[in-house]
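Residues or ranges marked as transmembrane segment in Swiss-Prot: 6-26, 82-102, 107-127, 142-162, 205-225.
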Amino acid sequence: MELDELCLLDALVYLEGFLAFVAFVGLQMVGSSYGRYSSQWSGRRVPARPAWFLQELPSMAWPLYECIRPAAARLGNLPNRVLLAMFLIHYVQRTLVFPVLIRGGKPTLLFTFVLAFLFCTLNGYLQSRYLSQFAVYAEDWVTHPCFLTGFALWLVGMVINIHSDHILRNLRKPGETGYKIPRGGLFEYVSSANYFGELVEWCGFALASWSLQGVVFALFTLCALFTRARQHHQWYLEKFEDYPKTRKILIPFLL
């Protein structure tokens, strides 16, 4: 039974890698379908807050489920517990905190919501089951330079992501409408500082977990967020004549 599930998890790694390619190509061709771009698309919609809560929920529920299961064989080891906690903490914030803080978010297309829900279900299962049942680490892995560097990147990335979201939420004063140029933090260097933070976060997780499961998640994040970030960057350049020309798309000073 365990061998069958391990084969399934291996297959899901390849599937997620394929989905990363599909996301990259698909978003290049048709662009993003949420937020400021949603009005360009027709179809049924889901209000922003419940959409965010429900689509992120599987990635919070899977690790919580593994934590309460007595049969979670590998969670007796400290590295496995810490890595699963890193994954869980992110999705607690995205599921329970982020939706509450949304200010006037535009409804999400039902199609986009369903795709996000399915991905969070797949990836939540993949990361949680691998770390709780199959990942083998030495007890002192938490002191290894790869883990420590990865953990530091994960933490810094999460802080950047949360701080950048805070800047975006507070661009408009009460009663104001329309769009503004983000200022402050890493927005002085890139157009999508929030995406950069999330990318750093999952690259750190991949390094700390030292696993293909972590790497393919970071790869999917890069493929999905880079195309969105480039669309944001182009939109800002077209919308604002005074938009800083020195800002990069996603990675400060590079890209």
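Placement of Cβ uses the backbone N, Cα and C atoms for every residue, glycine included.
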Stretch in 6-26, 82-102, 107-127, 142-162 most in contact with the transmembrane segment (205-225), if contact is a CB pair under 8 A: 6-26
Positions whose Cβ lies under 8 angstroms from the transmembrane segment (6-26), at least six residues beyond its ends: 119, 122-123, 125-126, 129-130, 134, 212-213, 216-217, 219-220, 222-224, 226-227
Tertiary contacts of the transmembrane segment (82-102), as residues 6+ beyond its ends and Cβ separation under 8 Å: 48-50, 52-53, 56-57, 59-60, 63-64, 66-67, 75, 120, 124, 127-128, 131-132, 135, 142, 151, 154, 158, 162, 165, 169, 201, 205, 208-209
